[in-house]
Amino acid sequence: MKNIVWFSEGTKDQKELLGGKGANLAEMTSIGLPVPAGFIVTTDVCRQFLENQQLTQPLVEEIIRAVATLEERTHKSFGGNQQPLLVSVRSGAKYSMPGMMDTILNLGLTDQTVQALAANTKNPTFAYDCYRRLIQMYGDVVKGIDKSHFESYLTTYKHKKGYPSDQSMVAPDWQEICEVFKSIYMEHTQERFPQDPLEQLLSAVQAVFRSWNNPRAITYRKIHKIAHDLGTAVTVQEMVFGNSGAASGTGVAFTRDPTTGHRGLFGEFLACAQGEDVVAGVRTPRPISDLAKTQPEIHAQFSAIAELLENHYKDMQDIEFTIEEGRLFVLQTRNGKRTAKAAVQIAIDLVSEGKITKKTALHRLTPDMLDQLLHPIFSPESLAKASPLGQGLPASPGAAVGRVYFSAEAAVSAHQAGEKVILLRQETSPEDIDGMVVSEAIVTSRGGMTSHAAVVARGLGVCCVAGCDQLAVDSFLKQARCGEVIIQEGDYLSVDGTTGNLYQGALSLVASQDFGLLQTILDWSKERADLVVRANAETIEEIKTAASFGAAGIGLARTEHMFFGEARIWPMRQVILAETTEERQVALSQLKTFQLNDFKELLLQTKEQKCVIRLLDPPLHEFLPRPQEYEEMAKRSGYSLEKIKQRIHDLQEVNPMMGHRGSRLGITYPEIYEMQTAAIIEAALQASEAGSVVYPEIMLPLISIPEEMRVLRERLETYIRQIFAHYQKEVPFKIGMMLETPRACLLTKELAPLADFFSFGTNDLTQMTFGFSRDDAAGFIQRYLDKGILSEDPYQHLDKSGVGQLMEQAVASIRQQTKGKAIGVCGEVGGDPQSIAFLRAIGVDYVSCSPYRIPAAWLAIAQSAS
Ligand code: PEP
Ligand code: MG
């Protein structure tokens, strides 16, 4: 096993062993790009180290030999007094975890070598600035000394001297700072700052390995579902200096705009600075186009390298570079993080540029990116009335409204209390991750498009405005000033991550209208999909939205949802409270008028497509009047108040979700289902009279007993024949059933001949299989997740081993009994991209989900199909 791999030996395909950074440095070296020399200590070593908490002697010796080789290759000497070699020690895991682990720069500087560096470069200001950076970073990363101890001293020093920025500092200033930093180091560690470069290097390598397990890295891995046992590699690389003079600098650039996806170099550059200054957002950088004015040859060379790298990797690259005294070096390349919109735009453009196939493009996207494309925007009306309070960089798109908090902790606790929060900070750092995850939007007053806040927000899909320099943020006083306006903790703020505008108060949000890109992805996905997506929808608006996302018909129209609203709820209540069939018939005839229109609209809207209408499945408690409505109910129904109370008391259920619901209601009050069936069939007759081809499919909920299905089907079919006879006309129709109890799944052999189609109601099936009440489970499922008893919430992601097993054998048994009967899934997991591959594998014909989940479902199907 190789513990150390030279850049000149590795390739881009070795990310697991060399980490993403190391593998790409190796690749760039092999294609001849100007990469400073270096080697990689592998992730294998990291895993061993984390087990034993120490570097083995043979490994230490290997590192010492590698340093000697690096000295030869660079013609410099580590700790030498002539040409001192300085190195960077960086983390680099298989998956990029920006800013989560540690890095140390300028290793090799000591009281001796700093003098040599000053003499060689004839730039003591630069040399001592490097030295103080090393003491500070080493103190923080290796010894855990809080950065603020160093930074606050530096701030006070500059203040005392009247310096506006670091730029004003000269050599004696940095020399003095170095002395003070060494004493801060001594004070916290009781040790001298190490003067042996090898000791520095070995401690740094261990600290970087350890940083794999720091809390923010662990949180990041949890959020991004990265395995905890991968470990990080460490790259040890010759330092080049962006801070060594006016002809030096450092920058980060993307080969395409990471926010919009548009083609063209997009990045930032800081003259006379080290990489950390750009990423940390401490100084606000200049656009990379400025480099074309100040150093045109370098700009041209960099542009050519950027294009070469993008063509080589066939994806948008995020490239870090440094210019040392007019010489360009590439320090890192990786596939750039991007917004959902940019991801989709880039995937589409790379296909049209002939660089990747449609299949590759679809696999580069994640279903949640399509969700993000549907992000809300501010309504034009509310925007027309509002004027921006300030503007920053549009770092991550979408619009958000929430209450302002000035620290991650405050944001987290407000979120836990049910508030929508906006995290407002001067700049964010990786420690803020918990607060960022729960925020509707992140706003910073400092930093650029590649600052921590911007990069992390884009990755999370959270709206972000960065570098809004009109804001003076005081997190101690918990307020921010923007011109005359003071924003206090808890105030509402509206944030537009697409324009960078901030607005006081709460603007109203509407769904995004930017569906152009989505359409192409939908078309490509549908070309590859081998099962279809239907919609769970009842209203015309929902059906139209579903249609615009390519829904292949309706998989579930929940008829009980048609009874919300003043005009309908009272007759519906009357149906429930009626004691006799006759009383119930009166209320039902009122409802039939509504239903006939509902179904006609539904069928006309979905004409020529399948339309599954589920007969009433109301958990009764959702429809019963509340105590304050008893009097009104009495007035409307003509029953006495006493009788109303008595009837409600009689109807009360201990567990309504497992109570008098679904087909049970159809059995006990057949006139309810008859009314709905009549309304569906008459609507279909009228629609077909008007020339439309319609396919009503009547679905019976919560069947557990084959006899329930037999009885209901017979009764409804008889009734339908009477309607046909009455109208002397017929329309095609089907009667199907939901599979949402374990018993139904187990008895599919008997049920298969009784239904024309089947649809898994996984919400109820999950409830009944686990015995977890749908209404009450949320309270304890989180604890189960925390304790690792469950790895996922089965209401969000299908429980493949239990519920999935029932489904799998039910599908197999239906297919064995009958041919050509559609089997779908209309519970919540039907729209869950993570569950779709399984549903496809067990052989369902369609999934059905709410309209906004449809695009992601199509993509998930296309991805699992190829
Ligand atoms: C289900 O149970 O999965 C289902 C779709 O029906 P409902 O959620 O309306 O009970
Ligand atoms: Mg159900």
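Glycine too: its Cβ is placed from the backbone N, Cα and C atoms.
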Among ARG614, ARG626, ARG815 - the residue TrEMBL places in the same substrate site as ARG558, GLU740, GLY761, THR762, ASN763, ASP764: ARG614
Residues among the binding-site residues ARG558, GLU740, GLY761 that border ligand 2 - Cβ under 6 angstroms, in sequence order: GLU740, GLY761
Pairwise Cα distance maximum in Å, substrate-binding residues per record: ARG558, ARG614, GLU740, GLY761, THR762, ASN763, ASP764: 15
Local backbone state of HIS452 (active site, tele-phosphohistidine intermediate), from DSSP in three classes: helix
Stretch in 55-288, 301-351, 518-864 most in contact with the domain 'PEP-utilising enzyme mobile' (419-500), if contact is a CB pair under 8 A: 55-288
ARG614 (substrate binding site) in three-state DSSP notation: strand
Using Cα positions only, nearest of the recorded positions to CYS826 (active site, proton donor) (HIS452, ARG558, GLU740, THR762, ASP764): THR762
Spatial neighbours of GLY761 (substrate binding site) that are distant in sequence (at least 6 apart) but have CB under 8 A: PRO701, LEU702, MET738, LEU739, GLU740, CYS826, GLY827
